[in-house]
Structure formats: structure tokens, C-alpha cells
């Protein structure tokens, strides 16, 4: 029924622009259709579907007669499937038969297939060459037609008629099969002759048609039994089949059996049968018994008058004539006939008639005699087939494969006919089910536009074939949408947003401001905008200020500040290397006189910082959209290099904090996974922000920018993100000039106590190594306090030691001071309670303080009462103070936060730092310098008596030591000024190296004096180059390579251990110390020829100029 009831929805993927034509066949076990009936020429995307009543009980077979002409029609696809899901446009269990049918392959006339699923479908598809409904028609439409027969056969007890037809299909399928065209019928429930193959039906091969017993007019008779003969019961002329063999004429000694047949001539055609009426063969050739008695039966050959004779007992020793009895009524024998065969053994016959009247006696004896004859010609032997070999194994272990079988022909002889029929048969096989991934069919045509004007949408759909047997689902969408446009729709006018208010007509005393808006449109016949175009409001209602309430024009910091009323702020552009505005506020003093405040650069951001800030925001935007990106590490590296030299404006601090906050959000997402270098750069940037050069910027920024709360939260979020987002994260320990940060990832099942800082860590800076601050985190903190904790739980513990954060936060008041460094402790996930208090031991920064109190950062205490108003968010609640000695205090805290020590200033407190030159150092350096200075004075006073090379060397050595002592006493502790500290460290490096070099110079001079090589004053210039020039060269090279990094530490203005800069002093000094004894030992060895220098007085002029006490060493 075409598109009738019971068709399951739209079986084919027709677009809305196509006319669906679907034929669904249900409840039929045999049928036939032509392709023109199911797939008309004037339509497309039609389909034919047959439903198997029960795939477990029935198997569907199909026979297709291919088109005889050129295959230029729309592609026809054939496939079987279990069901179709309308919601997802998916065919379940789909399997294609295109490679089985091969409709466009004309090498075979028929194709066969076997289906074992619920539905079998043949469907038209849109040809890629087609545009719209334009189709190319062939010359003759009949050449495009193909026909289909289908047969539904029961898997158990199939009917005889169905099996007869199916066996004939199988015979044809196998006989026409080849390796390139396997048979599509894999197995049948019927028992066909020869196991599976019937005699080859000539009609399907295009040979003359054979008549068969049970086939008439294209119909197989169900209750018909086929015979082995070649006669068709419906033949209208020719020989009838041979009758059965008669009884043997003798029981022993050799007898004869005969059989006959009847000729049925066709009168209209004059057909006369050719051949014999009767045949005979020998029988019962065994010998008779010894007494010669036997029973015999005689059967004479029938005569034309059907008369019987009973006197033929002696008849027929085969091939011999029967004896005549001399009956006068019998005629003479006819001549022997021609031999029945033209080759080999055959038969000859002769006959006679009995002529008698009613008065004569009847004839006696046989009417016909036979004898054997031999023909000298050799008979041809026709070729015969051997039995078929067993079917081969399937070529595929799963899915559709093929198997074949072969047979051998015994060759013909003596001109016989060759074997007829195929030597090899091939058929498809499927021994197991392969997983088949889902794949999409072609898209349907686009639907009509969803709107009648302006922009609309069109849709098209496609179906998914499969998946089957565990294959993957179809990837992609089953529906696709595109924009469409038919015509413009009328658009009404629409008001745009109000523009900004214009300037006030007066600066004070009341004025008006105006703003307007623009109507966008109308277009294409729409309505105009409704409402007013302009709007007014009052402004500057305050009274005009008096002259003393106005700040006069001022030229400050190379900027001209215009006249501004009190309470307002003037703004000018930032310098060329920055963006933003410089703000300067005009305020009233206690007497009501206007004055200018100091300009603030909080809105100024350097160009370099602004560029990095914009790049970071772009990366964050991509990360929020779920994209993947690169270049984050380069941004951090650039920020490290820029921030090393300090910030130019307080706005740079705000920009850097914003960059780090955005970086933390980027690390938190899948956009970028941080590496170890990113962690180091991140911590280095925070350290650069906390450098002493940025102290004034911090003071200005904290007025309206980030405070301690944002800095603490930034570091805490960074620890959390790094601990849980970084791939293959292990413990990290970052050491910088202004902070030390450690991150530990600890499993709850193997938690141990954590101590911080690690003094023996490689690369530890001096201020952290000499610091006596320490933190002890008990393992009980990591194993309790969480609602759900198991062996797989992991904790991230972060600890930070800040060197100078307290001074930057400006917590010092008139009577209190922050008397320790600042330490932060973070544990993620945060424990609810601490069963064991957190132990933090602080060393004091200042002497002479009292009332040491442990404080912590408490964000919840910001809006509380008096204590918070003095300390901000710092609170002493939650920590217990335990004094250790006059220099140290221990804090036992029940919460995780940021901690420090707050102390009370004494009345005579001079804020002296602990790290000042000790009395021992002052006395030692002072005594040394005074002694050396006295030595120089003595030498100068008696210079005319002791003037020599050695005296010059000694005076220069004394000057280098005195300069070193002075720098130690005066500038070594000038750490607050980085430039001064760097210069002091560089000069100390130079003077200390000079001291060693002058010692080496003195040894060189002594050696040359002993060997008598002092000849002129050029040598003296070499002494100066060695004593002062070599140290200057070493210091210059060290400063150039390190860019002065390492000249000055946190506590002293001396060389730092970081980067190996200290070895620039230790190396040359060690070389001098080791080379000096070698130089002195060379003197006596090299002076062997001058041993009489002191005795004989035979020495050079240079030696003779030395004072007498120095002539001999």
C-alpha cells in the first residue's frame, strides 16, 4: 500500500519541499514490483519498505532484475534496519546492501540478497549532480526499469512452493556468482538438491527453456513430485516417457527385459518421432542348477495386432534367432535393421508378420528378433563434473564476507562435449556481527523560510545510519539551520540613548544643562519616533565660592594647575610614558582658606604596565570562553623584567595587582596549565612590588587602592590554584629578596609536621637564613576538622614569610610598632577547627619594646569597634602570646591567617634596629684605622729617608684598609637606600680586593729586588696597575655581568651569596693567598747567580738605591 496506514512516519528523509512517496509492504510473503511503479520518473526521494513479520521466525529474500540500459537514474540505496527513531532521526541496526545488489553493474543480470532484520528499504537519494528537481532523462525509459521479486520464507518447516522457488533462486545465484559478484543468498531453510544447488535453470541464463514436471506458466505446483526424466507432463508432442522394465524372461541362464514408449505426434506440425519403440536389456545371467531344470517365463515382443503366443519358451539366447517351426502361415523375416548406435555396441532387430485366415492354423514363434551388433567407431566420452568441494571459510571474521567452493571437470574424450556449468561458486557470508559506527545520510532539501519578511531561517535534516552492534554514535547535528531573506520588513523609528549632559550655563549660582537624542529610522514605511528630542535640567545650584575659597593657579611639578574651587579636584594628563590623569584636590584648612593638596598619581599607569594589563585581560577573556591559549608565560616574564626596576607611579601597583589577579583566574581554568617557571615569576613579581623603592607608591595607593586584604587574598588564591591545578605538582619553595613562599601538597594519610622556613634550602637569601622566625604546622591540622576526610584526600599547605610588609602597611602608631616580620599560613581545603594550635615564633625587630602581642588578620573584624579602628582588620583575638626571651615571642593561634607581633614603644625608645654595627666591630675597625693612619703619618714625616718602592706599596696598602674600615662603619647598614647600599658594597669589594693585590705587589717587588731586575720606573707603574687597576677591573666586570644584582643584601651592604657574586671576591683573594708563597719561594731559586748582592756590593743601580736595611732580605 503506497503511503497507506501503518507506515511508520516519514521513513525517508524528505525535505519539506519534496512530495513524499513511501510504499510500505506488510503481511505479504511473495510479491513483485517494477521500479517505475515505486520510483516514478517525475518524483524524487521515494522509498519502498517491506516489513518482516518476525525476524526470529522468517527470513526475507529478494531477487532483482537489473536495468538493461545505461544506469543514469537517481541513486537507489538498499539497506536493512531494526527500527527508526524519529526524535533523533536515527536508523538503528542499519546495514547497507549496495555492495550486494550493484544495480549499475551490468556484468550480471540478476542480483539476490538475504535480510534478517525488521525492515528492508530501497530508497531514492539526491544525486550530487542534481540542482533542485532538474533530472537527466535517458533515451529510452524502458532501459532504466528494473524489477524486484521478494519472498518471505519461514525458518522452520518452510512450504514446498517457497522452497522450490528459493532453491531455483539459489541455483541461479550460485551459478552466476564470481569472486567479484558473490551470491547474496548466504543460507536457506530449504533442502535443495545437491545440498544447496539445483539443476541450473536455463531460463535465467538466457538458454532454451527446459520443461519440468512441477512448473507451469511460471507457477510451481505445491503437491507435485518431480521425476528424474526429461519429460514434461505438459509437452504437447514427441515421445512419452519410457515405461518400467518388464519381468525377465528367464530366472537363470540369461534372460531379457524390455520397456516401451509411445509417440505422440503433432498433426499440425507433422512431427514424427525418431527412435525405437521398445528397448531390451539382459537379465538373470547367473547359471542354472545342475539337473538342467529351471522355470522360465517367456515374454514375446508385442506384435502390432497384440496377439499373444505361449510357445516362445525356447526364445532368445540373446543375439541369436529363434528356431523356426515351419509354420506355413508365417512370413519370412525382414532384413536386420541398422545398428542402434553409430559407435560401440548396439542392437539390430528384424520382424515378421503372421498371415493367416480363419481356416488356417495360427502362427507360432516370435514376431521380432534382436541381436547384438558392434560398430568399429569409438564413442565420444563427454566431460563430467566431480562433486563440489566443501564451502571455504568466510573471508571476514565479522561483517559481510564471502566463501566459495569449486569442482573439477573430468575432461571429455574422443570428441565428447565439455563440462557445462560453472567451475566455481561464491556467496556472501556473515559469521559474526561487526561494530558499525553510525554515519549520516545526505541532507534533505532546505525548508521554506520561517518569516515572510526580513531575516528568517531555513532548516534541513538528515538521518543517522546506525550505530550497530556497539559502534560509535553519529557525530554532529541532525538538523542544520541557515539564514534566509525574502524582503525588508517595515521598521519603526527608535530613539537612541540620550547623549551626555552638556556643560552648565553657569559654574555656580544655578544654571541649566541640555542633552538630546537621535531618532534612528523609520525605514521601509515604518512609523516615526514619538516623544521629545531634547531635555533640560538645573545645575550648579550651590552658591558661588568666595575668593579665599578658590585655589589659585599653581605651577607644581612642571604642571600648571588651573584655578579650582575648594572641594573639587583638578586633573591633567599623565606624562607621555603613562596613560590616565594626575589628580590634585583643592581643600579648605582650619581657617577656611583654600589650598592645594599634593598631586596623586593613582590614576597614572605606565605604557608598559598598561600593555601587559590589556594582554592579560585578553587571555582571561579567552579562558572564560573555554578556549586554549599560549603566551601566558611570556606575559609573566615581561612583567618580571619591568617590575624589577620599580614602579614609576602608584597606578602601576594597581595595574600589577590586577594582572596577578587575572593570572590567578587564568590558572584556575583549563585555558592554561601553569608551569614551574610561572610560579617563580609570579612570586618574583610580588617581591618586586614589596621592594623599598615602591614604599611611597604603596602609601599613596593604599589611600584609594589595594590594601593588605587584597594582597593576602591574592597570595592565598595563588597557593590554592597552584596546589590543585598545576600538573604533576610537587612541593615548591620560592625564595626572593622580599618574601619566602613554600607550597606543600600533602596526602591526608601520610601527613607529617611541617617546619618553615627551611634554612638549608639551596638559594636561600641572607635575610631568610639569618631570620629566627619559624612556623610549625602539626599534622593533626591536616587530618581533622573536615566533614569528609579519607585516604585519598589531599591538602595544600602554603606558608609565606614577608621581609618588609609591616613597614609598607604603616602599622606604626604613636605608641605601637610592628615588631616582627609578617607570616601567612594557608591550608586548602580549609579545616573547620584546629585541634592543635598553630605555633609561630617571631624574632623582634626593635630593642627596648614592651607588651609584645600576637595579632592576626581578621577580615570579619573590619567593621567592629575600637580595636579595628586602630589596627584596621588586625585583631589579637584567636592567638595566645607566649614570651620566649627579650628577643623572641611565640604565638599559639587557633586559626589560619596572617600573623605578626605588635609591641609597645617605650618613652626613650630611639627605634634602633637590632641589625646595627656591634661595639666589637666599631672598636676593632676604629683601632685598626687609627693605627694605620699613624703609620702613614710616620712614613710621610721620614719620607726622604725611607723613600722606596716598598714604602709606596705599604702606604697604598694602608689606604685600602682604612677605606674599607670606614665603609664598614659608616655605610654597611645603609640598607634602606638601595642605591647607597649598592655603592657601598661595590667599593667594599674594590678596597678589599686592593688590600690583597697590594700584598701580592709587595711580594712581587721583593722578588724583583732580590733577583736584581728593578731597572727603571716603568716597573712602578706596573705596581700601581696591579694594586689598583686589577681590583677595579674585577669589580667592573662583576657589576656589568650582574647588573649590580647581589651588591647589597637585606641586612648588610655587602656581596650576596645569590648568583655566586661572593666568589668574585673569594676567588681573587684565594689566588693571592695561594700564589704569595710560591712567589716568595721563587726568589732564592732564581737569585742563585746573585748571592753576593749583600756581600760584594756588585749589584745594579736599582738595588743600590734601596735603604741599607732593605738591601738584603
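Here the Cβ of each residue, glycine as well, is placed from N, Cα and C on the backbone.
Bear in mind that TrEMBL entries carry predicted annotations, made automatically and left uncurated.
The model shown is predicted, which means the values in this text are computed figures rather than measured ones.
The feature transmembrane segment, as given by TrEMBL for the ranges 983-1001, 1002-1020, sits at 983-1001. For the ranges 887-913, 914-940, the feature annotated in TrEMBL as transmembrane segment maps to 914-940. Check TrEMBL against the ranges 1022-1041, 1082-1101 and you find transmembrane segment recorded for 1022-1041. Same-chain residues lying 6 or more positions outside the transmembrane segment (983-1001) and placing a CB less than 8 Å from one of its CB atoms are 953, 956-957, 960-961, 963-964, 967-968, 971-972, 974, 1023, 1026-1028, 1030-1032, 1034-1035, 1038-1039, 1044, 1047-1048, 1053-1055, 1064-1065, 1068-1069, 1072-1073, 1075-1076, 1079. Secondary structure of the domain 'G-protein coupled receptors family 2 profile 1' (538-608), assigned with DSSP and counted as helix (H, G, I), strand (E, B) and coil, comes to 5 helix, 33 strand, 33 coil.
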